[in-house]
Amino acid sequence: MATDEETPLVVENSKNQNPIVNHERDVYILSCAFLLIFLAYGAAQNLESTINTEGNLGTTSLGILYLSFMFCSIFASLVVRKLGSKNALILGSTGYWLFVAANLMPNWYTMVPASLYLGFAASIIWVGQGTYLTSTARSHANDHSLNEAVTIGKFNGIFWGVYASHQFVGNLITLALMRDGEGGSTSSTTVLFLVFVCTITLGAVLMCFLSKRTGKEEARQQDSSTSFVSSAATLLKSIITLLQDIRMLLIIPLIAYSGLQQAFVWAEFTKYIVKPTMGESGVGGAMAVYGVFDAICSLVAGHFTFGLSSISIIVSGGALVQGAVLVWILLTHSVTGGVLGILYPLLVAALWGIGDGVLNTQLSALLGILFKDDLEGAFAQLKLWQSFAIAIVFFLGPYITLQTMLVIMFVALCLSALGFLFLTLKVEKAFSYQAA
């Protein structure tokens with residue numbers, strides 16, 4: 001609950017008479033803007049493998065998107081530093097608008113260019129989001145004499161909780177407009193994507209009301225006199241430096257796994273587990289359940305995040321849940337009808353949402369705590385390795401069985417969990433000192 005001093009949009013600092021932005025207001029604006037944008041994009045993405053099936057157009061477009069996302073993530077931090085995080089967020093939203101609009105006339109000449117551009121747009125919107133949110137949390141902690149790690153965890157919990165609800169809201173809209181059991185007519189699909197274009201437009205407009213970040217994390221990045229060559233050289237040095245940091249090397253496997261598990265639920269889960277028993281219209285319902293549990297878990301995990309020790313406990317719990325689900329599907333999955341055929345995918349969706357909520361909040365909080373001096377670079381690494389893993393799933397998915405994918409994911413989960421545990425057990429004292 002906000003204190004009396006936080007209630008106005010702007011209050012006065014009695015020490016220096018400088019206005020203090022209501023940072024919590026910005027967190028809610030950012031969260032709601034992402035909700036509007038991603039309720040549309042998330043629902044559209046869930047449908048790609050089931051409605052754009054000719055020549056695997058849907059899955060191939062998503063694979064191209066995430067390959068573009070991966071390569072653009074290398075340079076995304078440079079773009080965000082030049083534009084500032086607020087401008088990067090606004091520009092990034094245009095890619096989602098174009099991609100959803102391309103689904104109104106889906107073919108190779110519309111989907112591929114839109115996917116390539118969205119890869120660029122997604123890279124800057126997510127680096128901008130991580131930078132903006134962490135900068136906002138630090139400013140709030142500084143202005144109100146709060147613990148920085150706790151505030152970062154709280155703000156990430158709020159953001160990811162609201163953001164995760166996009167799966168619930170977006171897929172309820174899908175379920176309502178495509179409720180005939182066969183994915184809806186061409187006209188209902190057109191109406192659906194027109195609604196989504198409108199929500200993305202509203203989200204982009206809402207971002208314009210964000211306060212411009214003026215803290216040292218961003219001000220030091222926006223020297224217009226710096227040449228492109230100099231900036232590129234600095235960026236390259238930043239990338240190499242991060243990849244030489246043992247902390248980042250131990251986090252990268254978990255980042256990659258977070259991408260794998262997201263792509264699995266978007267493509268494999270909807271295609272092999274939901275659609276055979278619930279039909280295409282059931283995809284919306286199952287993903288809505290996934291979104292509810294994802295949102296609740298994000299809020300709860302963010303509330304209990306106060307440092308590296310809490311992050312390690314929460315991540316371990318989420319890994320155990322998803323590991324158990326992978327083994328369960330691998331050993332027992334079969335297409336069945338009746339009530340069991342409906343409850344099975346819904347239960348899997350709920351448990352998977354819990355794991356995703358944990359990974360989203362904790363990875364963002366962890367990077368914000370450990371890499372204070374290079375937020376843009378750290379969040380660029382996050383999206384680089386996530387998008388690389390997601391692209392692998394979309395390209396390999398049509399050519400491997402569900403069982404093979406489950407084995408790959410279980411092995412990846414075990415390796416990433418071991419790396420993360422090594423991080424927390426061997427160097428916790430050093431990291432706790434940096435986070436203090």
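The backbone N, Cα and C atoms fix where each Cβ goes, glycine too.
Any TrEMBL annotation is an automated prediction that lacks curation.
Per TrEMBL, the features are:
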TRANSMEM  27-44  transmembrane segment
TRANSMEM  64-81  transmembrane segment
TRANSMEM  88-109  transmembrane segment
TRANSMEM  115-134  transmembrane segment
TRANSMEM  155-178  transmembrane segment
TRANSMEM  190-210  transmembrane segment
TRANSMEM  246-267  transmembrane segment
TRANSMEM  287-306  transmembrane segment
TRANSMEM  313-331  transmembrane segment
TRANSMEM  343-370  transmembrane segment
TRANSMEM  382-400  transmembrane segment
TRANSMEM  406-425  transmembrane segment
Recorded stretch, among 27-44, 190-210, 343-370, 382-400, 406-425, maximising Cβ pairs under 8 Å relative to the transmembrane segment (155-178): 27-44
In contact by Cβ distance (the transmembrane segment (343-370), the transmembrane segment (287-306); 3 or more pairs under 8 Å): yes
Contact yes or no, the transmembrane segment (406-425) and the transmembrane segment (115-134), 3+ Cβ pairs under 8 Å, gap 6+: no
CB contact flag for the transmembrane segment (64-81) and the transmembrane segment (115-134), at least three pairs under 8 A: yes
Same-chain residue ranges lying at least 6 outside the transmembrane segment (27-44) that approach it to Cβ under 8 Å: 89, 93, 96, 99-100, 103, 129, 132-133, 136, 155, 158-159, 161-163, 165-167, 169-171, 173-174, 192-193, 195-197, 199-200, 202-204, 206-207, 209-210, 284, 287, 291
Two-stretch contact, the transmembrane segment (115-134) and the transmembrane segment (343-370), at least three Cβ pairs under 8 Å: yes
